[in-house]
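Participant: If you scroll down you'll find the structure; I have some questions about it.
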Amino acid sequence: MKVVLEDQLERHPSLTPLQLLSTLSYKIANTELRGPEPSYNQVEYFLRVWRDNHPGADTHQVSSAIDPSLYDEVGIHERSPRAVVYFSEAVRDEGRWVSRVGVGTEDDPYRIGLTCYQLLYDYVQVQTNPDVAVIVHIDSTFNTVKQKYPAFVIGYSDRCGQFFPLGYFCTSKRKNADVGWCLRHLQRAILDTFHVHFQPEFVMTDADKAQYKASRNELPSSRVLMCWYHVTANVYKQARSRSVSLEETDKFFEDLYDLHYVPEDEFEDLKTKILARWAALPAGSAAFKMGCYVKKSWIDGKFCDWQAFLTSKGCVATNNPLEQYHKTYKIVSNKPKAIPLQMLEGMNASLQAFIATNRGFQTAVEASARLLKAYALLKPHHCLLPVRLPSMGELLLAVPAHAHRMADDTGDAQGQDQADNAELTPNSGNQDPAVTSPPSTLSPFRSIGTGTLLEAMDASTTSESGDNGIAASGNSGGLVAGNNDGEDGGPRQAVTHEPRAIGSSVSLVPQPVRRSSRQRRQTQRARESSAQSKRHRR
């Protein structure tokens, strides 16, 4: 029986235990083999041992499939822009180059990649544009092959957060040498085909040391940026594991967001103040140790370049474009039990599917489809209105001017009505304490209505959409609640979020929620129905 199983596996290495057991059962039923029939567990154990002793059985199929389109043999040509070429270690055999993909061991790692002329040509057009700052993204994903090998997708993003792949790779390990191997093959293909060095201005990675070292070694002229999402995710994870209170965690995040959005000329001063505040925390406390961790790992360490001012306006601050593309890639490649050849076919299908979208690189900042979808979900509820937080100077100029225009429109009649009301009101000489507060402690939003404020903001500012979040504008992004006209004809006040003031930004004071006439009628009907039910029960 072992001879039969070995013969089957030599011809078809991807056979499953159930398929092998079916073959044995058929031969035993036809008296080609003597019984008894083995159990499923016995066949499964034999298959596991056989594959451990034959690590290159699956990869041999890959070599046979990619040899006709190996880059070392055929190169990349303009006459076939969508023809896929494969990267692999190559050796000379009978006067031609053949692939040597490896078997996945420590001494002979499995490495393979693929790309095409169209993908590389589109990138070269972007890199050679002096008005565009290129951000290349590197990350890996899993569950695409039964050997649990990581799959790398290397690409770049535009001002709208769209992702454009450059190449697809799979390696048996995720070490510095493996990531460097992928980057070197892209460099070689671009230089040989277009005579242009692969030198993006920025490289975005997560907190992976292998990706960081490979990017620094292979792309010395590029600045390695840290994904802002991974910074916040790691800080939050450490805060929970170190038992830092929620209040202290919020303060740490306020400081981190200040450092993320602060202008470049104010960064060093703000960093000094924040580090001094962390150093003044009680020695030995969880918050003090947390401050030491953040300072060592994310401010003074190698993963310290995550500030918004490092990139030009509109560029992404996270690896989200690539993370979103991973979802698209896994539509055809999310097969944890796939053999390497099937995984390679999935990569090829993903490449062809992207080219078919005919997506163009955007140099102007525009709202992404994901952002517009989020806004469409919020708009019917009349809860949030994305606007840019104005600077203090803009408010000081816009609010008085708007109030002056409103006073001119209402005329003397409104002033007379106010005077009559003042005469009828007892103790009209006593003013509200909030109004008589010193200017230094008075919020600029307390003395004016929410509707007046937002109308003034609309008159002096314009909305700007960003890549991450519902509203962002350069270094001062945030969510501002707005007013929408309700059925009763008046402005509907909504609860406003109160972001911490950053640079020239200001905070908003929460306003009470006013329900529309429809909501009030629904509430009244619900109360009447409840009261009627109680009377019936009695």
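First residue shown is number 1, and so on along the chain.
Yeah, the Cβs are placed from backbone N, Cα and C, and that goes for glycine too.
As the structure is a computational prediction, the values presented were derived from the model and not from experiment.
Dumping what TrEMBL says about this protein:
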type: COMPBIAS; residues: 424-444; note: compositional bias 'Polar residues'
type: COMPBIAS; residues: 515-524; note: compositional bias 'Basic residues'
type: DOMAIN; residues: 135-234; note: domain 'MULE transposase'
type: REGION; residues: 407-447; note: region 'Disordered'
type: REGION; residues: 459-538; note: region 'Disordered'
Participant: Which residue counts does DSSP yield for the compositional bias 'Basic residues' (515-524) in the helix, strand and coil classes, in that order?
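Facilitator: Result for the compositional bias 'Basic residues' (515-524), in helix, strand, coil order: 8 helix, 0 strand, 2 coil.
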Participant: Roughly where does the domain 'MULE transposase' (135-234) sit in mean pLDDT, to the nearest integer?
Facilitator: 94
Participant: Please list the DSSP helix, strand and coil residue counts for the domain 'MULE transposase' (135-234).
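Facilitator: Reading the DSSP string over the domain 'MULE transposase' (135-234) gives 36 helix, 31 strand, 33 coil.
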